[in-house]
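Copied over from TrEMBL:
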{"type": "COMPBIAS", "residues": "B:9-21", "note": "compositional bias 'Basic and acidic residues'"}
{"type": "COMPBIAS", "residues": "B:22-45", "note": "compositional bias 'Polar residues'"}
{"type": "REGION", "residues": "B:1-45", "note": "region 'Disordered'"}
{"type": "TRANSMEM", "residues": "B:51-73", "note": "transmembrane segment"}
{"type": "TRANSMEM", "residues": "B:93-111", "note": "transmembrane segment"}
{"type": "TRANSMEM", "residues": "B:123-146", "note": "transmembrane segment"}
{"type": "TRANSMEM", "residues": "B:152-182", "note": "transmembrane segment"}
{"type": "TRANSMEM", "residues": "B:203-234", "note": "transmembrane segment"}
{"type": "TRANSMEM", "residues": "B:325-346", "note": "transmembrane segment"}
{"type": "TRANSMEM", "residues": "B:358-378", "note": "transmembrane segment"}
{"type": "TRANSMEM", "residues": "B:390-414", "note": "transmembrane segment"}
{"type": "TRANSMEM", "residues": "B:435-460", "note": "transmembrane segment"}
{"type": "TRANSMEM", "residues": "B:472-492", "note": "transmembrane segment"}
2 protein chains.
Amino acid sequence: MAENSDEINECKAEEETEKNWTRTSHTHSFLESLTPSDREGNSSTQSSHRLLAYSDALISIIATVMILPVAHTKLEDDEELKESLRQLLTTKIAVYLMTFLIVTVAWAAHIRLFQVIERTDDFLALLNLACMMLITFLPYTFSLMATFPENILGILLFCACVIVIGMIQAVIVVYGFSHPFLLNDQIQMSDNQDYYKWHILKVIFRVPILCLIAIIFSFIFTPLSYVLLAIVVFLPYISQSVKWCCRKATGQQEDSHDAMLLYSYHPNEPLSKERVEAFSDGVYAIVATLLILDICEDNVPDPKVVQEKFNGRLVEALQEFGPEFLAYFGSFATVGLLWFVHHSLFLHVTKTTRLMGLLNTFSLAFVGGLPLAYQLTHEFPHNSRNELEAIQISCAIIFLAGVFQLAIWVVALFGERAALHPYVRYSGRDHAFMFAKLALYPCVTLGTFVLTCFLTRFSAPIFHLMEITVPFAFLLLRLLVRASLALLRLLLSPIRRAVHSARGENETYRPLSEEAT
Amino acid sequence: MAENSDEINECKAEEETEKNWTRTSHTHSFLESLTPSDREGNSSTQSSHRLLAYSDALISIIATVMILPVAHTKLEDDEELKESLRQLLTTKIAVYLMTFLIVTVAWAAHIRLFQVIERTDDFLALLNLACMMLITFLPYTFSLMATFPENILGILLFCACVIVIGMIQAVIVVYGFSHPFLLNDQIQMSDNQDYYKWHILKVIFRVPILCLIAIIFSFIFTPLSYVLLAIVVFLPYISQSVKWCCRKATGQQEDSHDAMLLYSYHPNEPLSKERVEAFSDGVYAIVATLLILDICEDNVPDPKVVQEKFNGRLVEALQEFGPEFLAYFGSFATVGLLWFVHHSLFLHVTKTTRLMGLLNTFSLAFVGGLPLAYQLTHEFPHNSRNELEAIQISCAIIFLAGVFQLAIWVVALFGERAALHPYVRYSGRDHAFMFAKLALYPCVTLGTFVLTCFLTRFSAPIFHLMEITVPFAFLLLRLLVRASLALLRLLLSPIRRAVHSARGENETYRPLSEEAT
């Protein structure tokens, strides 16, 4: 983390101390050093690492915030979870998912920007804070839009925010290109800086201009402006994905210039791995603690109530909240273990692409819904239809979160050579172990889901058994994988020996992984 | 961030690919690589960086959670803010501050542990998650204690959590020392690993044993167990601080062995700078977004109400929430700018000590109270006594948060030589600029406080003017500092020239900063 900044600062420190050493007196070097030409802007240049970490933390919190209105919607236990869920699904959950997507789109734009501007100074840091303030306001404008679809205020606010964000980004780009030492080394070295500058500005301005048109249309015909906004957000991704698929299908070689270029919206466009990790950490952390936020606030019983209703017996009073505590520990453990899988996966991934980032976003969006699902599983009486449905929804959410993690791994395996460490690419225990880690949650939840369909009466015990066994399964996974591989080797060894002797002369053959290094 | 892990993984990758290259066939290397002796534990060793970042995010959220019950306490506007505040101060704010302190103590213990165990594997990662789950539960046990001081359940739960956390930490230490490649290089090289191991275990076990005694006492005489708990948490700090002050006062040379040793509770004991930054980022991020969490949930008007009460005019309906939005933007900007100052400060700090960590904790604790204070400033009618008090409390909170940041800088300046980059230590524009940044908020809030005392009728406009001007002051600070220094130089130049000529032979004198490098 601090390595970059340390390097820069050490260089600075050395220069400056050298300067100081040549001074005649330290009491006056304070004023002596203030020559106007004194490394004008450079002296304030900083590594942007912490700025980005803070931005990631802010954006990840904002992305997951809109699950709170969903979680706090009290469902009545009138055997009509389906009905109330339908209501929820159409508004609040949709708002949550759309917010998550839109905020992550803003986050991706932020990554793209700071892959070009690699160093910052105070001015950029302050501009970035202003940008963050507007991004954190986006979810609110979005929920206004969802609650009052006919009223144009939501659209106006949303577009205004997006336009101002775009303008701030443009100012950052212009400022960055006028202080080239702030830029990415690749661009700093390049001859056609101007080309890069205009290309980036063009991409950045596309969104505000479309928003401006959306504002104009909103006064004439509101639905059209919604369509326009959807286009603003998703078109680059869709068009590039289609192009990419066509290329893959026709086997056409990709334009490497296009793929290398930042701001290309190409699925293979690199995405800072560090920032994907930081963002994911933020989401996992806030989701893991969402329930304790509520518990700390709501589940401390009133002393008077305890005195009157329970004769001062606090333990009895707390038993009322038992389900909430169970839900907390259950969801914390599940989110924690999903983080653990994510962490293991990204230890092996060397390079993240835009496509992997998108899959990661989908996985995180489902993780965000987990605490809510867990809370539901404990809110209804045993053996009610609602309970069964809540349990099945929980399983489905964990399953999808896990499956999208698995998809990242598959993309890394079958995508570019450089995306994975060679030693987990094709062979070895690490490969099998990683696969087992990624497959554990999807398999277990699929099994639980199927079981609860048949054994409806025992759905709750099955689910709780799953909750309890999974952490231990993770603890013992290495042993399990080793045992099953040993078994596999035992079974395959006669075949292997046969093959081995048949191709004895092929000793010098080297595996594919060589090419990957 | 990823540098460490990359290094480790690259080494692994190289080793493994080399191994693969010598294989006869890549189709079977999958099973061939599974010799039982195959680098037993080593193959799963990971850099602990991301694990720690995630832990920091979790702990920082938990530390600030207890401000929510405070923030959600509705104050009646009956000109008795003082009365209701007194109630608040005695319970909820105390719970918040105590939770913040206790959680940061747990966090400091976590840092200490992972300064010894520098690499992790899956087993340690899972143990750490279990530890985190218990730490996130601490605030709840604490609020039980505060609400039911006579009931021993709170103490029992708290002590049980602390004992289990201690046991998990002990398991981590024992596991770490039995797999020495996980340890800190310094300890890994050292001859007396056993001495370190027992010293660390002794320190770790001290707390659970005292908690066990507290549990026993809680059945006999409850208040005594509270005293015991207070001792558990604060005694090491107090005793070491007193010792340190005595040493400083008597001018006695410090025992360098003692200061170097990890787990010494010495104020100069190093504290990972990276983790202090990550924790601070987490707190600043969650505090900055606390108000938007509420706004997104509560401040979307009901479509029916808008239709009936405002004839469908959404803008009018939203005007009711105007103060909340103002409070949000105000507190986001202030928290953001305090983060900005913190960020600038830690760019110059090269090494953080335990004492600086403690000051940082105090600063963060006040930052946590900011959103609440800002919300209060907008909740009361203009020119009421409550409004004035809310404004003054806000000023006091910002002032204290800023002053503790300034204290970190002072400690870094007057503490160990190695704690600051030499080029900001004694001289130069960077030094003056940093000081101006740190002093801006304390000075401005002190000014606002004093002004509101005299001009009570204009307190709100003065406060809002302060809110608006401060961000611009930060933008222009570099210019302001440069201008004032130029003025200073102009004023001092005749004196300087006189001194300069008087000590002309002292040309070779070198400033103190030389020694610091």
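Yeah, the Cβs are placed from backbone N, Cα and C, and that goes for glycine too.
TrEMBL labels come from automatic prediction, so no person has curated them.
Of the two recorded stretches, the transmembrane segment (B:203-234) does not lie close to the transmembrane segment (B:325-346), with fewer than three CB pairs under 8 Å once pairs fewer than 6 apart in sequence are set aside. Of the ranges B:51-73, B:93-111, B:123-146, B:325-346, B:358-378, the one with the most Cβ pairs under 8 Å to the transmembrane segment (B:435-460) is B:325-346. Same-chain residues lying 6+ beyond the ends of the transmembrane segment (B:93-111) with a Cβ under 8 Å from its Cβ atoms: 55-56, 59, 62-67, 69-70, 131, 135, 138-139, 142-143, 146, 165, 169, 204, 233, 271-272, 275, 279, 354, 357, 361, 364-365, 368-369. Looking at B:123-146, B:152-182, B:472-492, the range that has the most CB pairs within less than 8 A of the transmembrane segment (B:51-73) turns out to be B:123-146. If you look at the transmembrane segment (B:123-146), the same-chain residues 6 or more away from its ends with a CB under 8 A from one of its CBs are 46, 48, 51, 55, 58-59, 62, 65-66, 69, 91, 94-95, 98-99, 102-103, 106, 110, 117, 153-155, 157-158, 161-162, 164-165, 168-169, 171-172, 175-176, 182.
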